[in-house]
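First up is the structure itself, then whatever we jot down about it.
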């Protein structure tokens, strides 16, 4: 394995990432993380959850056993060569990117992390201890896993944007979809579990969501490892590995749903839905939309397999299918992002609706009218930006209202009141910050999708062309060798308004060991837009062909990811108030005999 994926001339960081670059190493990483998490769980719960922990440990060991079987009998990462090579083949050039160091481990941390709430859920079913203890005990694990999967998806998108050289960041590739689907179901779980904690409802639904989320992480691993679907991310086809993964997925579903059905009567909700105008209803709508999105992506991903089984021909589903479905779904979710946290429990009154939504509605309408001239030809973009204003306004007003109330109560300064408000209720305000991050993501996705401009142009030295308000002039094309690759670099002077604002140097690199050519894009990023240049061809006469892409607002997507991470970290560490609430929860469950 080392000879196949590493080499002497690799830097230390890429030698490290070579550990998970191949099939065998990535499965070994899965097993190692799973074992590490099991040890942490045992240490965390050494004085609590004494009824649940034996079953939790057994389930974690069963999952670990499956991956050990794969490692020992199928992939064999420690297999020896029959000869001593002078050097290794080295890391695939496509993987020699900072994204390779962070993206796969982040996804794996998310995947493996969801085994913990799954194990606790199954332990709760096995022991009939079906209160909220399993939820309380795994809250940080779920947030941590969701955070890692969020980071993994964002890093994967940025990796594709910077390394694959096509001007986009999400191609609805099967492996991309495989990590997005469990993220959607986990997001649904994070919202619906609040209803169970507050109203004692949706107990069966929450069990179903955590079972599906964990199963989908195994499905995602299956897609990549089996190579059953064509993807730029997948490994070589391995029928045996695919069969074993499918068998394991089948066993998980049979075991968990049989157990769930046997405990159905014990999972009856403590309350019923009082009104469609309530927080419970909006959270339920949120869940249905998220799960519907997950199902649509899942169906599009497996459709080539279904079509091959039925018709004998693989029919691939392309981006238009996903975009047609996901755009309205995304807009609906953006609307609910504003409504869900602020509408009343049980039943919303007219006073509650006016208090929380009247001013944001007015602000968003005014904002929509202002941006109408730029978005009139893109109705979805107009709706998206207007909803983004609506969500942002609701959150800012809620922050301001809370800080003002605390200032009046404590006589603190406004700034101190604002920060005290956040630190005293980190879970709530961390959630608001996550929603602000999601708004930024939507702004970036909308701008870069609806208003993208592309142009392909061939230039000789000294020639220039114009795209939007940029003028690009070819200064030179240079070729030179380095230690392990041959670089061809083009230098472009960039002008705007007749003034030079910088230079860009896109490259084509030929890696001698792997005999593989890769493109290195050149990028100029601002909050307004990205200028993205790809060197597609070059000739001996010094001419070169470029693909230039202008992606408006795409920087907001990456900034949104940073805000999302910050909000999740804040929500993961509850303050004294939340710790007291958790302690009271434990006491109530103890009185019921749940601990």
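The backbone N, Cα and C atoms fix where each Cβ goes, glycine too.
Unlike curated records, TrEMBL annotations are generated automatically.
Under the heading domain 'Cytochrome c assembly protein', TrEMBL lists 20-226.
Feature annotation from TrEMBL assigns transmembrane segment to 27-43 (among others).
Here TrEMBL flags 55-74 (among others) as transmembrane segment.
As annotated by TrEMBL, transmembrane segment applies to 141-160 (among others). Here the transmembrane segment (141-160) has Cβ contacts under 8 Å with residues 97, 99-100, 102-104, 106-107, 109-114, 116-117, 168-171, 176, 179-180, 182-183, 186-187, 189-190, 193, 557-558, 561, 564-565, 568-569, 571-572 of the same chain, all six or more residues outside its ends.
Sequence annotations record features per position, and here TrEMBL assigns transmembrane segment to 180-196 (among others). Residues 110-111, 114, 132, 135, 142-143, 145-146, 149-150, 153, 202-203, 205-206, 209-210, 212-214, 216-217, 219-220, 279-280, 283-284, 286-287, 290-291, 293-294, 297-298, 301, 340 of the same chain lie 6+ residues outside the transmembrane segment (180-196) yet bring a C-beta within less than 8 angstroms of a C-beta in it.
Beyond the transmembrane segment (208-228), the same-chain residues lying 6 or more positions past its ends with a Cβ under 8 Å from any Cβ of the stretch are 23, 26-27, 30, 110-112, 114-115, 117-118, 121, 174-175, 178-179, 181-182, 185-186, 188-189, 192, 234-239, 241-242, 245-246, 248-249, 252-253, 256-257, 260, 287, 291, 294, 298, 301, 305. According to TrEMBL, the transmembrane segment annotation covers 208-228 (among others).
Remote same-chain partners of the transmembrane segment (240-262), defined as residues 6 or more beyond its termini with a Cβ less than 8 Å from a stretch Cβ, comprise 23, 66, 69-70, 74-75, 118, 122, 125-126, 204, 207-208, 211, 214-215, 218-219, 221-222, 225-228. Residues or ranges marked as transmembrane segment in TrEMBL: 240-262 (among others).
Per TrEMBL, domain 'Cytochrome c-type biogenesis protein CcmF C-terminal' is recorded for 246-572.
Cβ atoms under 8 Å from those of the transmembrane segment (283-305) belong to residues 172, 174, 177-178, 180-182, 184-185, 187-188, 191-192, 194-195, 202, 205, 209, 212, 216, 223, 228-229, 273, 314-317, 321-322, 325-326, 329, 332-333, 336, 340 of the same chain, restricted to positions at least 6 beyond its ends. Here TrEMBL flags 283-305 (among others) as transmembrane segment.
Taken from TrEMBL, the feature transmembrane segment covers 325-345 (among others). Counting only same-chain residues 6+ beyond the ends of the transmembrane segment (325-345), those with a CB under 8 A from a CB of the stretch are 191, 198-199, 277-280, 282-283, 285-286, 289-290, 292-293, 296-297, 352-353, 356-357, 360, 380, 383-384, 387-388, 390-391, 394-395, 398, 428, 431-432, 435, 438-439, 442, 445.
Per TrEMBL, transmembrane segment is recorded for 357-376 (among others). Within its own chain, the transmembrane segment (357-376) is flanked in space by residues 338-339, 342, 382, 385-387, 389-390, 393-394, 397, 450, which lie at least six positions past its ends and keep a Cβ under 8 Å from the stretch.
Per TrEMBL, transmembrane segment is recorded for 382-400 (among others).
The transmembrane segment annotation in TrEMBL covers 429-451 (among others).
Summarising the annotation, TrEMBL assigns transmembrane segment to 553-573 (among others).
Scored by C-beta pairs under 8 angstroms, the transmembrane segment (429-451) has its highest count with 553-573, from the stretches 55-74, 382-400, 553-573. Residues 24, 27-28, 30-31, 34-35, 37-38, 41-42, 45, 49, 115-116, 118-120, 122-123, 126-127, 238, 240-241, 244, 248 of the same chain sit 6 or more residues outside the transmembrane segment (55-74) yet have a Cβ under 8 Å from a Cβ within it.
Sequence-remote contacts of a segment are chain residues at least 6 beyond its ends whose Cβ falls under 8 Å from one of its Cβ atoms, and for the transmembrane segment (553-573) they are 140, 143-144, 146-147, 150-151, 154, 157-158, 169, 422, 426-427, 429-448, 451, 525-530.
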